[in-house]
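Chemist: Quick one: the structure is below, questions incoming.
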Amino acid sequence: MALKMQNVSSQQHFILNGFAELGDLRPVLFVPFLLMFIVALLANSLLVYVVVSQRSLHQPMSILIAGMACVDLCLPVFFVPNMLLSFLFDWKGISLIGCLVQMHFIHFFGAFQSTFLVWMALDRYFAICTPLHYQELMALQRFLKFIVPLVVRNMLLISLFVSLAGKLSFCRNVMNHCFCEHMALVELACGSTAINNLVGLLTVFLIPVFDFLFIAASYILIISTMLRSSSTSVKALHTCITHAMVITVSLAVALIALLSYRIKNELPAAVRVFFSTMYLLFPSCFNPIIYGVRTTEIRQHMLTTLTHWKRLVQTEP
């Protein structure tokens, strides 16, 4: 037995066996995940193109929305194609190096999903609570003091727990997941993983939890300011409340997924994998609608662009 475990460890090759409980029904998942992948790619690509190509949209909030769209465009590329191949052709193998690389990019871009929401909350706070100083506060030179610390935080924490995971020895090689999630890999290790658990938990609290608390505080101040203002429009208040609700739901799903590996619970494995997948893929599909289509100026330019492309296609011989 010891020799067999050593061989597994030395091979450094893993089997991604997410949704194995579905058995022969597992290939059915190919269709919904493919559709979500296509929606994420097309919607975010269109949003980035519109903001970049229209000079009138080169405003702080629109640029932040385009930045979040870039994150939502890149993130699914690192795990959805592998999932689709696994569902359709039962290709489940991945090397340790491939697993660590995938883990790094997934968690790195995943961290920026909430980080961009922090920057967007700051933009709304400055615009509504300090309108006279908005242009000054949102100038790039001034706003960098909010950008740089969070970028450094994300890079350091993600790189730290990925490098620690890479130093582990593994007794098992079957991962009950559809992609290389940090704790799903750590669970396969031999010996103590206390430091990995600690750093992973620290990352959860310093990135999504901290971001959520900061965003919640910002929106409470924003909404209270709007309620006190006689000039506040119902539309602006409704938009802020909608954003706050969407952020709450998205981060709640993220916390369920991230903490389910660290807290004893009765969640079935398939449900845990589903939450882990959705907290990454759900925002990529719906952020373009929530933050792009619902923004009047961006929506108008998106419709104009789509109409122009349609005419080009119809005029081609």
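Backbone N, Cα and C define each Cβ position, glycine as well.
As annotated in TrEMBL:
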- 29-52: transmembrane segment (TRANSMEM)
- 43-291: domain 'G-protein coupled receptors family 1 profile' (DOMAIN)
- 64-88: transmembrane segment (TRANSMEM)
- 94-122: transmembrane segment (TRANSMEM)
- 143-165: transmembrane segment (TRANSMEM)
- 198-224: transmembrane segment (TRANSMEM)
- 236-261: transmembrane segment (TRANSMEM)
- 273-293: transmembrane segment (TRANSMEM)
Chemist: Sequence gap of 6 or more, Cβ distance under 8 Å, 3 or more pairs: do the transmembrane segment (29-52) and the transmembrane segment (273-293) meet that?
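Modeler: Stretch pair touches.
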Chemist: Checking distant contacts: for the transmembrane segment (198-224), what same-chain residues at least six beyond its ends satisfy Cβ-Cβ under 8 A?
Modeler: 111, 114-115, 117-118, 121-122, 124-125, 128-129, 153-154, 157-158, 160-161, 164, 182-183, 186, 237, 240-241, 243-244, 247-248, 251, 254-255, 258-259, 262
Chemist: Where else in the chain does the transmembrane segment (143-165) make close Cβ contacts, counting only residues six or more beyond its ends and a cut-off under 8 Å?
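Modeler: Same-chain residues near the transmembrane segment (143-165) but 6 or more away: 60, 100, 103-104, 107-108, 111-112, 115, 118-119, 122, 137, 182, 185-186, 195-196, 199-200, 202-203, 206-207.
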Chemist: Using a Cβ cut-off of under 8 Å, list the residues of the same chain at least 6 residues beyond the transmembrane segment (273-293) that approach it.
Modeler: 18-19, 33, 36-37, 39-40, 43-44, 46-47, 65, 68-69, 72-73, 75-76, 79-80, 83, 106, 110, 113, 120, 176-179, 181, 184, 242-243, 246, 250, 253-254, 256-258, 260, 267, 299, 302
Chemist: For the domain 'G-protein coupled receptors family 1 profile' (43-291), report the average pLDDT of the model, please.
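Modeler: Within the domain 'G-protein coupled receptors family 1 profile' (43-291), the model's average pLDDT equals 87.
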